[in-house]
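Got these off TrEMBL a minute ago, pasting:
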ACT_SITE  HIS131  active site, proton acceptor
BINDING   GLN113, ASN114, VAL115, ASP116, GLY229, SER230, SER231, ASN255, LEU256, GLY257, CYS273  NAD(+) binding site
BINDING   CYS139, CYS142, CYS189, CYS192  Zn(2+) binding site
DOMAIN    10-287  domain 'Deacetylase sirtuin-type'
Amino acid sequence: MSTSWSASIERLSPAVITELPEFIARHRRLFVVTGAGCSTDSGIPDYRDADGQWKRTPPVTYQAFMGEHATRQRYWARSLVGWSTFGRAQPNTTHHALAALEADGRIELLLTQNVDCLHQRAGSQTVIDLHGRLDQVRCMGCDARSSRELLQQRLLDANPGWGALDAGIAPDGDADLETDFSSFQVPACTQCGDILKPDVVFFGENVPRERVAAVHAHLQRADAVLVVGSSLMVYSGFRFVDTAAKAGLPVAAVNLGRTRADALLSLKVEMPCAQALAFLLDGTKTQ
């Protein structure tokens, strides 16, 4: 498999040359936590800057989405425009590297905070989507699940002309679009007529308890934690790293900039994820 690994070994930081490979080689049940930094090379932007601050307006909250029709109009209009780009995103070196690590028997769980399903597309199988999946839609009334791709056609049919709009993509798959959304038609559930929501955890919404329990079960079997491309500023992801550190598990992170877990880390590699992990694709298995 081809990689984007182009820097010579002499130009890499010591942490990548020896420390990160050695960290991975020492552990056989890695609990991997991934974030938006994994998918930037796939054309999906991340949320925060190097200091952990928002790069753009924070995402919509659960309370606003459920309580305000105007918020749902704005969300689904922006989603309609952004979906064509987001839905076509392909896995990059980081996703393929972690899939290779799993194939080598090194991963207990890949816990992703992303909603793009790119880990699965790269071949990872032991994945829990902590915040859900954007390729699925949920009815908030009857709990029916359906495909986001099918909803896209309904959105286009109900809103002629909107599909021709062009705007940059945002981290949650919607578009950076500001216009008058008041005429936008929002489809309802075909089974019960209630509100449709992407099957993801919005800000202000809780991760399902059974999902949290499943993550903890994997964490109890892990022997180390590897954070990839996440500042861990959101508590829903940070709490598992915090729990692991308190239990004595070593924690390593590959991330550009500050993380909420910096004080807990035994190793930090401040490099782009793909560059730091591409050695996993060089054909040499960890020992």
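Glycine residues also receive a Cβ, built from the backbone N, Cα and C atoms like all the rest.
Those TrEMBL annotations? Automatic predictions, nothing curated.
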Quick check on the binding-site residues: of LEU256, CYS273, whose CB has the lowest count of neighbouring CB atoms inside 10 Å?
LEU256
Determine the Cβ neighbour count for GLY229 (NAD(+) binding site): the number of other Cβ atoms within 10 Å of its Cβ.
27
Run through the Cβ atoms and count how many others sit within 10 Å of the one on HIS131 (active site, proton acceptor).
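So the Cβ neighbour count for HIS131 (active site, proton acceptor) comes to 21.
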Take the C-alpha atoms of CYS142 (Zn(2+) binding site) and HIS131 (active site, proton acceptor) and report the distance between them in angstrom, rounded.
20
Considering all pairs of residues in GLN113, ASN114, VAL115, ASP116, GLY229, SER230, SER231, ASN255, LEU256, GLY257, CYS273, annotated in the record as contacting NAD(+), what is the maximal C-alpha distance expressed in whole angstrom?
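Roughly 22 Å, rounded to the nearest whole number.
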If you compare CA-to-CA distances from GLY229 (NAD(+) binding site) to each of the recorded positions HIS131, CYS139, CYS189, CYS192, which comes out shortest?
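Given the candidates HIS131, CYS139, CYS189, CYS192, the nearest one is HIS131.
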Report the nearest neighbour of CYS273 (NAD(+) binding site) in space among the recorded positions HIS131, CYS139, CYS189, CYS192, comparing Cα positions.
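Closest by Cα distance to CYS273 (NAD(+) binding site) among the recorded positions HIS131, CYS139, CYS189, CYS192: HIS131.
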Restricting to the domain 'Deacetylase sirtuin-type' (10-287), what is the model's mean pLDDT?
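Here the mean pLDDT over the domain 'Deacetylase sirtuin-type' (10-287) amounts to 92.
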Under DSSP, is CYS139 (Zn(2+) binding site) helix, strand or coil?
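Looking at the DSSP assignment, CYS139 (Zn(2+) binding site) belongs to a strand.
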Sort out the sequence-distant neighbours of CYS192 (Zn(2+) binding site) for me: same chain, 6+ apart, CB within less than 8 Å of its CB, listed by position.
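Once residues fewer than 6 apart are set aside, CYS192 (Zn(2+) binding site) is near CYS139, GLY141, CYS142, ALA144.
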How many Å lie between the Cα of CYS189 (Zn(2+) binding site) and the Cα of GLN113 (NAD(+) binding site)?
27
Of VAL115, CYS139, CYS142, CYS189, the binding-site residues given in the record, which has the fewest other CB atoms within 10 A of its CB?
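Counting other Cβ atoms within 10 Å of each of the binding-site residues VAL115, CYS139, CYS142, CYS189, the minimum falls on CYS142.
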Using the Cβ centroid of CYS139, CYS142, CYS189, CYS192 as the reference point for the Zn(2+) site, which residues of the same chain not in that list have Cβ within 8 Å?
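Everything else in range on the chain: MET140, GLY141, ASP143, ALA144, ALA188, THR190, GLN191, GLY193, ASP194, LEU196.
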